[in-house]
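Novice: Before I ask anything, let me first share the structure, which is written out below as structure tokens.
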Amino acid sequence: MDKEVSLELTPTWALVTVVVVMVSLGFFFQGSLKQLAKWLDRTKRKALLSALDKIKEELMVFGLLSLLMGHWIVFVAKICVKTSTLNSTFYPCAVKKNNLTPGQHVLSSVKYPNDSFVKELVHKQKNEYCPEGQEPFVSHESLEQLHRLMFVLGATHVSYSFIAIALAMIKIYSWRTWENQAKTMALRSVLGSPEAAFDETRQLSTFISHHTSHPWSQHRVLVWLLCFSRQFWSSINQADYMALRLGFISKHQLPLTYDFHNYMLRSMEEEFRDIVGISAPLWIYGICCIFLEFHGTDLYFWLSFLPAILILLIGTKLHRVVVKLAVEIMNSFRRLGNRQFNLRDELFWFGKPRLLLWLIQFISFQNAFEMSTFIWSLWEINGSSCFMDNETYIVIRLVCGAVTQFWFSFITFPLYIIITQMGAKFKKTVVSENVRKSLHGWQRRVKAKQSSSTSNLLALPSTTSLGSSMTDSELSRGGSSTRVEDKSAALQHQEASTSQAVTNGTSQDNETLEVSLGSGTPCYDSSSDEDDAGVHDLGH
């Protein structure tokens, strides 16, 4: 092998070419993300803009890890330990019984793209840094491979995030036709058309019949088998969408013309913001996977089935919620003659709908982790190795990961978005960002006017009807004190009415906006055109 050439002996035009390519790629990706952020800000998609910020943070973390590993590899490779401490039991690949050391066996049995360079480098470093009877704690080539694995993991996870939101949007946007039909029926119902009431009853009857006609639908155990099988041949149809939309609107006393579809899109953006990025528990899980992947466990192979199992469980649970609602409506109509939805958090595991979101976040990370290890194996290893020795396992892992990611993005995530709205509380995205700003601004102005009016009333001098000033003792006995108290009471009553319509707090647990929408559109100050348009949008 030729001697390596240092920087001082490299032509400047070659160095400039490399630098220009790297800087150009950096500015290209930075400009692309900046333009995407501007478009999201211009279209008022603040949740997706926050999700993009989290993706940038994730890229920054991986970039920092890459920078640290690129400079610390040399120092970590100089750490030497006794050869006996490197127990081959914890090696990912089995070591054949021969006279070679474990490190030499790996180099002799696996062909890397830079095979000869690696052998020379490892032997040189071993002889230079480690005395006889000792081995490097982590070899230089192992750290380089780990470095490349982190790069592939970051790129794969970010790509999977974009794929997930794109497929989910395609699925939910396909429901827009049903929303338009529902709003048309609602407008005809407002106008008193008897056909609208008939269509609504027919849709609800179809929903109930579809989910309760099977004999297993009311069985406590067999209904789970029914829901498990239903997710393969039936998802959300038009009758389901109409019924769930009606249940949500009836529960929260919204107008029949409320745009439920836009609410779901805003909710999906909020939920997507929470599942992007790699949180600390996911990092701990990934580290544990690397630690436990030693010879004989086949951990990577078995973990490839975990996302598929979780997706099937989540899909079964979501369909179980729909069947339970349909059965409850049917039984309630038989006993009481009404068809009201009993929406509540107890329909979900442990009464926490967001538990399903955490599982979805884990599924996304596991799919990315599985695919990244496969891509890394194709990149790094060009020969016989425990990572690539069984082609059947490779095909199973690859197909299972691809199908699971598509199923999760196109089926499970949209199904989660619409069915988790059947909880007891709605999210703050029930109104658009402009309406929320208008309501909060309107409330601040009412409070400011109330405070200013109270201060002015208390600052007025107390006078008699003849214009003579009253003494403090006379003021305490009556007179204008009664009028001041009456006006203060009226203002307090006005403030109470305003607070009943709008509050400025959101719950940290359920992120719901406490807005009294059932009492109609609140009064508002016409001094701001932007606020006027925002409040008018509330009824739409």
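Using N, Cα and C of the backbone, Cβ positions are placed for all residues, glycine too.
Below are the features listed in TrEMBL for this protein:
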- 12-37: transmembrane segment (TRANSMEM)
- 58-77: transmembrane segment (TRANSMEM)
- 149-170: transmembrane segment (TRANSMEM)
- 275-293: transmembrane segment (TRANSMEM)
- 299-316: transmembrane segment (TRANSMEM)
- 394-419: transmembrane segment (TRANSMEM)
- 453-482: compositional bias 'Polar residues' (COMPBIAS)
- 453-540: region 'Disordered' (REGION)
- 494-510: compositional bias 'Polar residues' (COMPBIAS)
Novice: Which of 12-37, 58-77, 275-293, 299-316, 394-419 shares the most C-beta pairs under 8 angstroms with the transmembrane segment (149-170)?
Specialist: 394-419
Novice: Would you mind listing the long-range same-chain contacts of the transmembrane segment (58-77), meaning Cβ under 8 Å and 6+ residues beyond its ends?
Specialist: 125, 129, 136-140, 143-144, 146-147, 150-151, 153-154, 157-158, 276-278
Novice: Under an 8 Å Cβ to Cβ limit, what residues of the same chain, 6 or more beyond the ends of the transmembrane segment (299-316), are close to it?
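Specialist: Distal contacts: 224, 227-228, 231, 289, 292-293, 356, 359-360, 362-363, 366-367, 370, 373, 393, 396-397, 400-401, 403-405, 407-408, 411-412, 415-416.
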